[in-house]
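Student: Please read through the structure below; I'll follow up with questions.
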Amino acid sequence: MKKVPIKVCVSNKQKDVPIRVQSAKKLVLCCLQYWKITTDQVYIYFLDDKALAQIHDEVFSDPSLTDTITLPIDSPGISSHPHVLGEAFISPKAAIRFLKDRSQDSDLLYEEISRYVVHSLLHMLGYDDQTPEERKKMRVKENQALCMLREKHALLSD
């Protein structure tokens, strides 16, 4: 049986940070390959704060700003056709605020947004960050993935 390539759908509906769609697709595919995850589809949406706050309100009844929202759909290992791993809604502007609040170099902007994508993918895989232990475990996985992405020159770029 012929293996069908993973369809990574990326939409950029914000103007705060230039995002190269192909760069985002490469990042997602590298992570899924690194983690040995098979799926048919993954959706990544880069949105402005207003749109993300609206989704946050619709899904969680909380209109506050956030950096990412992840909606896992089909868990890894579940048989469905097509298998949709999930959807990630990401605010690049949140990364700008994060770096500014910590007086960090804006050169780290694309790495921070890459972290948001990796973080969302981990949520799609079932990782959670509600407790300090879960956050620590998730941060380790994020850092491992970011290290791999750096080596493969697969972090987001402009």
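In case you wondered, yes, glycine gets a Cβ from its N, Cα and C as well.
Relevant sequence annotations retrieved from Swiss-Prot are reproduced here:
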{"type": "BINDING", "residues": "His119, His123, Asp129", "note": "Zn(2+) binding site"}
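Any idea what these are sitting next to in the structure?
Tutor: Neighbours of His123 (Zn(2+) binding site), defined as other CB atoms within 10 A of its CB across all chains, total 19.
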Student: For the Zn(2+) site (His119, His123, Asp129), what does the 8 A shell look like? I mean other same-chain residues with CB within 8 A of the CB centroid.
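Tutor: Going along the sequence, the neighbours appear as Thr68, Thr70, Ser120, Leu122, Tyr127, Asp128, Met138.
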Student: Around His119 (Zn(2+) binding site), how many other C-beta atoms are within 10 angstroms of its C-beta?
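Tutor: Other Cβ atoms within 10 Å of His119 (Zn(2+) binding site): 21.
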